Amino acid sequence: MPERLTEMLMDTWTPLIILWITVLPSIYMAPMNQSQVLPSGSSTGLKRLNEEQRVLHRSKRGWVWNQMFVLEEFSGPEPILVGRLHTDLDPGSSKIKYILSGDGAGTIFVINDKTGDIHAMKRLDREEKAEYTLTAQAVDRDTNQPLEPPSEFIIKVQDINDNAPEFVEGPYHATVPEMSVVGTFVTKVTATDADDPVYGNSAKLVYSILEGQPYFSIEPHTAIIKTALPNMDREAKEEYFVVIQAKDMGGHMGGLSGTTTVTITLSDVNDNPPKFAQSLYHFSVMEDVALGEPIGRVKANDLDIGENAKSSYDIIEGDGMDVFEITTDAQTQDGIIRVRKPLDFETKKSYTLKVEASNIHIDPRFLSGGPFKDTATVKIVVEDADEPPVFSSPTYLLEVHENAALNSVLGQVTAHDPDVSSSPIRFSIDRHTDLERQFNINAEDGKITLATPLDRETSTWHNITIVATETRNHSQVSRVPVAIKVLDVNDNAPEFASEHEAFLCENGKPGQVIQIVSAVDKDDPKNGHYFLYSLLPEMVNNPNFTIKKNEDNTLSILAKHSGFSRQKQEVYLLPIVISDSGTPPMSSTGTLTIRVCGCSSDGTVQSCNAEAYVLPIGLSMGALIAILACIILLLVIVVLFVTLRRHKNEPLIIKDDEDVRENIIRYDDEGGGEEDTEAFDIATLQNPDGINGFLPRKDIKPDLQFMPRQGLAPVPNGVDVDEFINVRLHEADNDPTAPPYDSIQIYGYEGKGSAAGSLSSLESSTSDSDQNFDYLSEWGPRFKRLGELYSVGESDKET
């Protein structure tokens, strides 16, 4: 920095330094010695200074006594003198002490406490701090008592050109349309200078272009960049790199400078027409190509980009304008040629088209440059393909009467091979459309015949599909729908629309309409139905009823006389002959049932049964049946209630004492084994209550009354348990009065012949004298309880 400052002072400030040395001592240093030898700030000092000036008769100068100046970035071998403080109270005896305080006092600025000289101890930078506020005061050196009030003053740092301009927002990017006129605005750049813009020209900037000419120019003071060359073409060069310089000191020599870059891109305008890559295109296509299928692409290139490069394609001339169409691929901007109508090699083998490509978005400024479109010729060759047969009609409609004879011809379909080879055709019926096989077709000539009888009333239409197949290539197949309409013939006789039953009141009048009947016919004549009604010849002179044909094709039944009686005859049967008007006419006979009923005075039917005539007035047979049913239901409910009350809460078996088997206690422990010979008495298997008596059952009523069984003799020791159980089981199975004890008559008998013997205690001795169960108490609590039970049983026997 010192070297830079020295160069700057030598190159730029040499005239000013000379001026400072020659002029300033007379106009600046003199005030420093007099008026800028500043008092400490007291009014007395100022007053005395003014009196001295009047005595010396010197003109007062307008110095600002409370400001001092120091040059920034100054560095020398010794501190720079900023100024001097002085008070009128200082007689020169060195009894006054100057004190300095405030911004940078003692560090940046130091005062000589005796002379009041202020020196800058450090190099100052105005861009960091432009001014310092300090306070000076004169005090007594011995007592430190202030001699005057403190006085505030400012030291300002004077600027030098030590900061180069900077482009804070750079580098820049700008866009300008191509083909712009000279002077078109591009962008504006801005540089900043940290130097003082008020003092001198340190911050006065001037802009210029270092690189980018002759395409662009810049306004020196506003920094606005403009185009300097007309008709710049983006397709020739799209991007430009421009270097901008900003120099202070008004651009004069010695000023500092800064640079930035501006990347300028030319945006596209539609100044180029589309152009086909070739003037003639050739395509080939098979004649069986599907409609809408693409057959080729053409491309018109456009040097522009984006929306300006979009083109639309059209067919403007040619012999296939109605056969082909062209569309634009939005992604590739290609023209896609598609088939619009079916092609036929045998009819036309080639087509010639003229296609045009034109821009969608046209800039009017460049219309004078020529039309923004181009044309090309497209030749399309159709190639032969093995095509399926072609029917003479896309659909067929056949009509046949329902009484047509079997094997009669209903109609014929025809088809041919469109190829040059012209293969023979065979016809067949798709049996999925003729499941009942009602029709046949001649495979050679396509004549359709009737295979089964038809009935229009069952099905009026039959839709079948005829298949035509080439004999040389069975894969070439065509289908055509055939609709067969069955025509009506008069083959159904008319009949009553529904089963009619008429009601005739006993108090009816002669000529009264009893019933109106209608007829239906399954046939469908062209002129509609017309029915004729008549009575059978033997009923023409019927004394009771007559008929009358109505205009709406219905029939009215009328009574010839009054005084009909249910007791005399309850039902009348009236046969009626119904005939149609077809050819030949068809007829049928329907019988109308007429019932004689009792009616009210207004003609409302009340009863049509003969039995109802003898019932009391106001009570019909239905009402009596309902009353009788209610009475029977009540009787049944009463009987069931009484029966349930008699059987409620009664035991099934009449006995006085509790059955001992209800006290059986089950244990999971095994018995005493072979040593347990006294643990069970066979006598306990006997029913203690039923051994000597008969036990009737109350839950069932036996069909046969059995005599009470005789009591069994005591069973001796060593009895065969197997035989005993079988005997008791037989008795229980054949005795309907025996209680159902089967569920608990389960014994642990293992059968005879075991070498190991039985583990059951059923074979234990039943002696009354040798039985002792006290030893069971030594086996544990469970066996102790078992011993107590057996002991109780023995005591009961003794009692």
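From the backbone N, Cα and C atoms, a Cβ is placed for every residue, glycine too.
Taken from TrEMBL, the feature compositional bias 'Low complexity' covers 753-770. Annotated domain 'Cadherin' per TrEMBL: 87-167, 168-276, 277-391, 392-496, 496-613, in sequence order. Summarising the annotation, TrEMBL assigns region 'Disordered' to 753-774. The annotation transmembrane segment is assigned in TrEMBL to 613-642.
Secondary structure of the domain 'Cadherin' (168-276) per DSSP, as helix, strand and coil residue counts: 3 helix, 46 strand, 60 coil. A mean pLDDT of 84 is what the model gives for the domain 'Cadherin' (87-167).
Broken down by DSSP into helix, strand and coil, the domain 'Cadherin' (87-167) contains 0 helix, 35 strand, 46 coil. Across the domain 'Cadherin' (392-496), DSSP assigns 3 helix, 47 strand, 55 coil. Secondary structure of the domain 'Cadherin' (277-391), assigned with DSSP and counted as helix (H, G, I), strand (E, B) and coil, comes to 10 helix, 57 strand, 48 coil.
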